[in-house]
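S.K.: Right, I'll just put the structure down here and ask away after.
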Amino acid sequence: MAQSSSLDVLLKGSSGQSTRGLLRIIILITIAAAAVASRLFSVIRFESIIHEFDPWFNFRATKYLVQNGFYSFWDWFDDRTWHPLGRVTGGTLYPGLMVTSGVIYHILRFLTIPVDIRNVCVLLAPGFSGLTALAMYLLTCEMSKSPSAGLLAAAFMGIVPGYISRSVAGSYDNEAIAIFLLVFTFFLWIKAVKNGSIMWGALTALFYGYMVSAWGGYVFITNLIPLHVFVLLCMGRYSSRVYISYTTWYALGTLGSMQIPFVGFLPIRNSDHMSALGVFGLIQLGLLRTLSAGVIAPWSGRFYSLWDTGYAKIHIPIIASVSEHQPTAWPAFFFDLNFLIWLFPAGVFMCFQNLKDEHVFVIIYAVLASYFAGVMVRLMLTLTPIVCVAAALAVSSILDSFLVLTKPNPESQTKTTSEDSKSLRSTQKPVVGIYSYFSKAVVTGSITVYLLLFVAHCTWVTSNAYSSPSVVLASRMPDGSQFIIDDYREAYYWLRQNTPDNAKIMSWWDYGYQIGGMADRPTLVDNNTWNNTHIATVGKAMSSREEVSYPILRQHDVDYVLVVFGGLLGYSGDDLNKFLWMVRIAEGIWPDEVKERDFFTARGEYRVDDEATPTMRNSLMYKMSYYNFQSLFPAGQAVDRVRGTRAPTESPQLNTLEEAFTSENWIIRIYKVKDLDNFDRDHNNAVAFDKGLKRKRASKKKGPRVLRTE
Amino acid sequence: MRFFTATVLGLLAPSLAAATNLTIPSRLALPSDFKPAQVFKNTNLVRNTNLEKGYVRETVNVVVENVDTQPQSDYYIPFPADVFERVGGFEVRDKKATGKGRFEVDVTEAVSSSDNQYFVVHFPEPLAPKSQITLGISYSVLSSLSPLPATIGQNDKQYLTHSFSAYIHSAYQTVTQKTKLKFPSADVPDYTTTEGLKSGADPERKGATYTYGPYDTTKVAPGTEYPITVRYEFTNPVITASLLERDLEVSHWGGNLATEERYWLRNNASQLTNQFSRVEWTFSSYQKAPTSAVRELTYPLLPGSVDAYFIDDIGNVSTSRYRPGTAKTGANLELKPRFPIFGGWNYSFKVGWNNDLSAFLRKATGTDSYVLKVPFLQGPKMAEGVQYERVIVRVVLPEGAHNVRYELVEGAASNGLPGANQIQASLSSFKTYMDTLGRTTLTLEVDSLTDEARDAQLVVTYEHTLVDALRKPLTIFAGLLTVFVGIWFIGNLDVSIKKR
């Protein structure tokens, strides 16, 4: 009996508030722990390492912040990137992420816990995803009376791949903290709208300010909240609650956001922010936008590409060349959200049923985010929270209806319903309810199966698709053990240890942040991509003949050139495969000197083998990729495993560069730029002369020619 | 947390007692016109120079006779000032009674009037007039071998040169002397042949051993030079650690001895004439051809070592392998650097592992004193040897440890370390893992070591009481209590505007 009574406490609704509260806290802590744990796959599989590209910059900036203090971070002019221009880094980044981990680091150091800043950075994203789950619980509880909706939403948010993709341990990017801030700001906003309280409005503004300092995606909040208010106004739901919360948020939030140097006066200049101002005016006096168009900067290019997916391809190759700016493929929705994606419409529909202010918010958010997620892969991230809310609403309402064991009592309701005989036939029946245990069991069972499948899917996706650092590549040995291909770090560490501290490295911009972070050497261009012309210059140097490239290299003080070549291993993300983007970007600036057409054969094919065009063969990138490659193979059998073609049988001749380092699997090749020739010849002649000398020697061995006398 | 516990714990904290044997190396100041008095005569001197490793290891056996009328006890051994700083592990013993341990040796400051700097050997008892003593002097000279040619191709053989004087650099008159050179192989393309120093061929060659002398040098003034240069094949890396930091952390609560070593390695071999070629390297490592590049470092660890790691500035070096071994054989850490380290290239990295403390720590029964015995230096074990320009060993003892004393274990043979007065020792406090006072840390700094010191053992004794052990749990308890009380207090504050 003791057992059943203790079970009753959990199952029956009559249990005390404190028991339920405790249970809820335990569940939430478990969810948070599961959220953190599932993101640690990458640390277990590989190591505690910063992933990919942008995180390396954030990591480097954080180290700078920790070493030099906040004020010098704020004023940081970085002369080790974008050589010779430099970058006003302190004024062109979102400092929220670095400051957050800096604060955590200093707190831990104050408690004399000897933690490495790298580990703080690596584990920041999992830690914040635990908080996101909690924020999700709070947000969903505002939408539904059933607490199970909140808990389900927290659990979904904790493990959904759409969010994990950006928050595994080591993916130290702005999104790591931004999604938490996004969800929490929305929670505070809903709270503010519900209560009409200045305090909640001010808190919303505070977290909005934090969000602005952390991620460029804050524009989403900037537009969504005004839209929510605008829709409420249109629905005739203007109230003092809405007025108080919106004006508080807008005034404080805008002031707060302007404190970030990178944002500055954008909130009153940029059209991305105009809806907020417009709604502010509207809510004050019914003012519509009357500001002159001249003051307002045109919409930024990345924003255009949101509305017109073809915009980027035509106008801005550098945006289009980034894979995460591509439109989303349909399977990606299912891959990232699994069964939540088909519960999502159901949840949104249920919001229509009791259409309070907060449900309007969910509907608007759902519509907007669905559109954006379809346009750009990375915006799947903003869709994920609302999908979790909607799906949790749907699942919880199913479970709440089907998990109740007691049958409805027909007699008690018969009279009240039968009086209203003019309504629909279905409602004329005495009572709507589920009577049979069978249907309850079937529905609950199938939902349970879906939930279990969801967990299995999330775990699988996380461990297989999203946990690779991409700095380190893993493959399997024949015996099943893991084999790690570590060429990137091999080459970067070689640069770090064996080149002068200020040797300038030229590479395509993808590797700029990594070279800055791992090799600690100045670079010409990096993933910040703020100067298109500079990137085009690098593109031109890579895609031109040596005679054209060498002056460019000399003018930019380049000491080493780094290329990524996957031909030996079959690593498809190499520079030859990205080469057309370099050509296109260079062509954008020098249409007369670099022509994309010249890199295609007469039949319009992109070839690198024997049929490659002369322009292709003479380009620096082609030469650097295949230099000396054939000597690894028996004569005439050199194969490029990425493109599945024959590699050139003779090594391309490099006159102005010399091979300095090639990593074990040839993924990274580093070339040293030769100094000017000692005898003032051009390099072409110098190399030819050296070769000629050798030929002379060879002929000497034959001995002097003797005149035949017979 | 430090603030509010400091007062409480200030009462409990014992003072760090100063009863230690820590030393700061002192150097004898000599008068500017100093010359050692001619009170000794070297009746017979044999110098054995071993060139099998990347540094020079010399053992000089010399029969010393007192030619003065008074008993003498200070024997001066000169070195040119530029060589002097690179002499490591200097040790002098009585050759007839090696078990008695090393003689006390002092170091002098540079003398402005001469190029020499001296080691001063103090005999335990003064040598009576006309009596003799046989000294065994051993030391190594770092970074004295230079590659010739200085740049080679990637697959070429490497040759090193060693220059020395046929007459040993001594402060006293020497009657007969000879030098034996031991080369790594018989491939010695160039060597100086002397003329007129002795009858017969000089040097005498026997396989990889060359002997210069014996010479009768009764009439040769001390300090006379007769330069000799030998050039021999050494297609191995010349591994040099410009700095090694070694941390040993003792945890009583965890029962763990954590070791971490940070290396700044350099290869002093011939540099590459051309740039590095991966193709050639692939083929030559397939054939396992000898090379002057560091391909791999084998690092033997003590039995029972666990959790070994090998990382550098940018993370785990995935090419390494750890073989735990058995309880008897000991573990092996195979360190393969990210890239082969050719001449002139650098590589810095960290290795670390854990050991069960019980194998290293003993508690004296009935008292609070502990004895810790750990290896002074471990390091990679390579056939070509490793030289360390500077070694800093830190032993982090538990918080509150006091009465710290240390000793280096002496055996019948050289332990590769210089005398105790050449080791700079200091005590400091190191705060980590919520320490309030900081952990007592013994730091030992030595210059110019070689991997011969691998087997040297360091013994540290200290006292640590129960109060010291309980300090941290109490601190954390007090800290958490304060937090809870603070939260409770703040929670009870009524800050509402409207009246309830």
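Positions of Cβ are set from backbone N, Cα and C atoms, glycine also.
Those TrEMBL annotations? Automatic predictions, nothing curated.
When I checked TrEMBL for this same protein, it listed these features:
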TRANSMEM  A:21-41  transmembrane segment
DOMAIN    A:23-293  domain 'Oligosaccharyl transferase STT3 N-terminal'
TRANSMEM  A:92-108  transmembrane segment
TRANSMEM  A:120-140  transmembrane segment
TRANSMEM  A:176-192  transmembrane segment
TRANSMEM  A:247-268  transmembrane segment
TRANSMEM  A:274-291  transmembrane segment
TRANSMEM  A:329-352  transmembrane segment
TRANSMEM  A:359-377  transmembrane segment
TRANSMEM  A:383-405  transmembrane segment
TRANSMEM  A:432-456  transmembrane segment
DOMAIN    A:505-554  domain 'STT3/PglB/AglB core'
S.K.: Rank A:21-41, A:92-108, A:247-268, A:329-352, A:359-377 by Cβ pairs under 8 Å to the transmembrane segment (A:120-140) and hand me the top one.
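M.R.: Highest pair count goes to A:21-41.
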S.K.: Honestly, do the transmembrane segment (A:383-405) and the transmembrane segment (A:329-352) touch, with at least three Cβ pairs under 8 Å and pairs 6 or more apart in sequence?
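M.R.: Touching, yes - the transmembrane segment (A:383-405) and the transmembrane segment (A:329-352) meet the threshold of 3 or more Cβ pairs under 8 Å.
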S.K.: Residue list, the transmembrane segment (A:359-377) vs rest of chain: Cβ under 8 Å, 6 or more residues beyond ends.
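M.R.: Contacts of the transmembrane segment (A:359-377) (Cβ under 8 Å, skipping residues fewer than 6 from its ends): 143, 186, 189-190, 193, 220, 223-224, 227-228, 231-232, 235, 237, 305-307, 309, 323-328, 332-333, 344, 347-348, 351-352, 383, 386-387, 389-390.
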S.K.: I'm a bit unsure how to read this: which one of A:21-41, A:92-108, A:329-352, A:432-456 has the highest number of Cβ pairs shorter than 8 Å with the transmembrane segment (A:247-268)?
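M.R.: Selected stretch: A:92-108, with the most Cβ pairs under 8 Å.
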S.K.: For the transmembrane segment (A:432-456), could you work out the same-chain residues 6 or more beyond its ends whose Cβ comes under 8 Å from its Cβ atoms?
M.R.: 156, 159, 338-340, 395, 398-399, 401-403, 405, 407-408, 426
S.K.: Can you tell me which parts of the same chain pack against the transmembrane segment (A:92-108), counting only residues 6+ beyond its ends and a CB-CB cutoff under 8 A?
M.R.: 58, 61-62, 65-66, 70, 73-74, 115, 117, 120-121, 124, 172-174, 176-178, 181, 210-216, 260, 262, 528, 530
S.K.: If you average per-residue pLDDT over the domain 'Oligosaccharyl transferase STT3 N-terminal' (A:23-293), what number do you get?
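M.R.: 89, rounded to a whole number.
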S.K.: Mind tallying the domain 'STT3/PglB/AglB core' (A:505-554) by DSSP state, helix then strand then coil?
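M.R.: Helix, strand and coil residues of the domain 'STT3/PglB/AglB core' (A:505-554) number 32 helix, 3 strand, 15 coil.
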